[in-house]
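For reference, the structure discussed in these notes is given below.
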């Protein structure tokens, strides 16, 4: 009992009243404080306030589910001391731990000691992980003393500073008229050349297949219509093949 010296208020739970006064006096002497008495069979009917005792001593450990009640009766960091217990110490310690006690141990004199946590049941505490570390927040903070700025002018070469030739900025087919550049590399020059060849071939075919609608074209200009394709050409024999030049079908204006 020497480890309980200085505890002011204790509760002694008894089963056998033989020499009860002697045991109570020994507890008073060891603690130096007040000692209250309670029968183990009347414990469930008792109405003690929470955090009433610094120490609870039990003669018999046959309490079933009353360990939780003892936990509420003890003050924070209060002690629970079991003597003359029945059964295996390991299973009894496990039951006490599950009731909320800590630092449960078996003493050398075949007694068990446990402790209530240093806080009240149902109490809360503010968690520290919610705090923001100010040094972490300043990691990405830009400071003019720590950063070296680069002059933008140093990023440009002399060639970059020269003004470009406006002629070099023109792109094929962007000036309103489809006309290829001098050094065309986009394929527009080849496309225009193919279109020109197709147009000339179509005109050539139209002149070769020209037919007379009036039947008087071979007689000469005096007998030809104003839109005759043979206008201006000498007379020829009927059925004779005549080759027309390209400019005959074009307007003079």
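The backbone N, Cα and C atoms fix where each Cβ goes, glycine too.
Of all ranges given (214-217, 218-221, 230-233), Swiss-Prot attaches the label motif 'Cx2C motif 1' to 214-217. Check Swiss-Prot against the ranges 225-228, 237-240, 241-244 and you find motif 'Cx2C motif 2' recorded for 225-228.
Between the stretches 172-186, 187-201, Swiss-Prot puts its region 'Fe-S binding site A' entry on 172-186.
The sparsest Cβ neighbourhood within 10 Å, among the listed binding-site residues (181, 214, 217), is found at 214. Within the group of binding-site residues (184, 186, 228), the Cβ with the highest number of other Cβ atoms inside 10 Å belongs to 228. Around residue 225 ([4Fe-4S] cluster binding site), a 10 Å sphere centred on its CB holds 13 further CB atoms from the protein chains shown. Here residue 184 ([2Fe-2S] cluster binding site) is positioned 47 angstrom away from residue 217 ([4Fe-4S] cluster binding site), judged by their C-alpha atoms.
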